[in-house]
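All remarks here apply to the structure that follows.
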Amino acid sequence: MSVERSSSRVGRFPSVTLGFENETEKENENPTENNAQKENACSRWWRKVCPCCCPKRNDNNTTDTMITGIGDLDKDDGINENKPVDGNSELDVKSIDLLKSKSGENRTEHHTNLYQSDDLIIRRGQSFQMWITLSRPFNPSTDKLHLELKTGPLPSVSKETHVLIPLVEELEDNRWEAAVVTNKDKKLKLSVNSPPTAVIGRYQLTVETSCANGPATSKHDPANDIYMLFNPWCEDDVVFMDSEDERKEYILNDVGRIYYGTQDQIGVRTWNYGQFDNGILAACLFILEKSGTPPSGWGEPVNVVRIISAMINSPDDHGVLEGNWSGDYSNGTSPTAWSSSVQILKEYYENKGTPVKYGQCWVFAGIFTTVLRCLGIPSRTVTNFNSVHDTDVSLTVDVYLDENLESIDNLNTDSVWNFHVWNDCWMARPDLPPGNGGWQAVDATPQETSQGTYCCGPASLAAVRNGQVYLKHDCPFVFAEVNSDKIYWQRNVNGTFSQIHSEKKIVGHCISTKAVGSDERSDITNLYKYPEGTEEERIAVETACHYGSKSYAYSPPTAEDVSIEVTVDGEGPKMGEDGKLTITLRNSSSQQRTVDLHSQTTVMYYTGVCKATIKTDSADVTVPPNAGKNMPIHFIYKDYKDQLVDHAALMLTLLGRVKETQQVLAKQFSFRLRTPDLIIKPIGKAVVGEKMAVEISFTNPLPQVLKAVIFHVEGLGLVAARKINYGDIGSCASVSLTEHFAPTLPGPRKLLASLECKQLTNVHGVTNITVEENSNAVSGSSLRTGRNRRWGGVNSQRPVYPQYHD
């Protein structure tokens, strides 16, 4: 067919001429024919306005087209296939088949076959196939056809949210085009191509035909809407990732690991991302729509991740999740009870944008990973231990002390969190100097505003590593989180402050994420910073702080011959028991040193905010020359048991002065009390649709009763999120319960469980279950669930039976 490129109708997109060129000349040549066409158009208009007064003519000039699946491609619809094509008869669309089966060519080649949806879900920059059935055979010489896609509330050709896709003889990359693959009888098979810069989202599809008898446009059918995603398999997409193993991990893996605790006691929990679960894609697109941002910007991943970063928290835009660090979660769900993004996203979507209660950093990050992977942006959940919250853009942690070395609380607004969880996402950064593409840090936890909104990133890890904090977005904040120094300031008599001490290796340790292809922990600290103490690392710090608010803090170092460190025995103290830490003072000089040492043990929120002081002490410690001295610090259960909050975090703060040299010593050491795991044991064979069970066991480590215990159980492809109001668990008691369910999906699966109660938090467990296909294809939808439980152990108390409903 003859195709003319034109921008008059479709902006910068190529289009096929629909026979309207040289209209004046044609009118002069054949006025009678034009008059007939005008009459036909009027008749059609009147028929739509008042069909009873203007019935349909026998020559069938117009047809309302219904778009359905192409269930019967081989029917002739009353047309004799052996008759010659009448170019003057109507050319209408009878049906459209988008070949959207999960096992079909489109979904498998676009790597979208895992989405539990019957819609056509495709990735940009890649062609897809479709069938169109017409009212008569298509004649390329006289007939015209093009596709129209619209997305957003106000589709616009110039903003690429209204796309006109012409028929061409051969497809070319990087543009919207369609080519006929098969022209058989009344059926056309098209191959449709999209550019790697296309706007993502939900597109409405219509087909427009044109022949000598006039144009016709198909009706929009929501069942034929097309969902467009980013494409990390496409080399021309800015989110392209060239490692298949990494694509499987950072796009296709729907279960992950999130790390927490302290650098010396790293804990881990399994998290269900569930990006392919039924309804999650719709929820993710709803989040974008609710942001109020124009869809024309949804083709740029930088824009999309900033939008999602802002919309996952709730302070300024009624986003997905409401943060709560108070310890009181009576109006919602405790953050430690969540093990999945699925329930949160579905609840937000079903409640039309009401924030879900409650979350903290790892929950925000888990949801962020779900949304990004669902939309096609490679992402991972990252934990930073000893993570700084810099409040004044100084790029340092500033600790202010008075003349007596007492803390000045109203000035000490910076904090060091035991851990903080955020995300990395993968993309090129054409908006930055070369070398800054790849992993980008993004954060949905609402800490500080960015351009007036609670969001953070994307900040290039390469820029953070090199101290290039002047590059967008939010590099100063991320740099401070992982590589700032802690500066101690003492107030002088005249009210000014002098720097008395600095610590250079206390921030940004053991930065962790799940390893590719396994459940092991991968340490990625080297991606965020050079090795501590190296010349490169110091240059990066000084470069960054040059742009901070306290660049004068860096002066030539002073001589220091006494050092202090804190260690924990073994895996650390356990919940419900007394604990011990060891302080070691080392003297590298040839003379004896005497240290006036002050210690304070406090219960902390994991964010670095102090809740309560449980012990203080002071002593003069003599350290021999060229030697070290150990001092134990003890704390007992009864002192901390009523003060603990989430994660059972504590901090030991040490401040001291060497009497002989006036050297100042300062150290803050975070640690946590270890909590027990839930032990999950599968019972019976796991087969799709057949009933099986798991036994969940737990031992209360505390010498007190756990009140109103709730168990949470869920597993993708195993069982939907289930909440079990268990009751009380006695002091040091062991309990178990049995849960029955019927798996719905085959393959390797993970079952997650967590325990929620006021007295004990952060208790969870996971087990691997391999589900076999059901050769008999028996549905498990009619199986009833049930629970059995038994109690035992020292001083066990049989809990009150709650009411359960199958």
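Positions of Cβ are set from backbone N, Cα and C atoms, glycine also.
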When TrEMBL is consulted, the range among 53-81, 314-342, 778-806 described as region 'Disordered' turns out to be 778-806
Residue counts (helix, strand, coil, in that order) that DSSP gives for the domain 'Transglutaminase-like' (353-446): 15 helix, 41 strand, 38 coil
Nearest of the recorded positions to Cys361 (active site) by CA-CA distance, picking from His420, Asn483, Asp485, Glu532, Glu537? His420
Using the centroid of the Cβ atoms of Asn483, Asp485, Glu532, Glu537 as reference, list every other same-chain residue with Cβ within 8 Å of it (recorded Ca(2+) site), in sequence order. Ser484, Lys504, Lys505, Val507, Gly508, Lys529, Tyr530, Gly533, Arg538, Ala540, Val541
Using a 10 Å radius on the Cβ of Glu537 (Ca(2+) binding site), the other Cβ atoms enclosed count 18
If you count other CB atoms within 10 A of each CB, which of Asp443, Asp485 wins among these recorded positions? Asp443
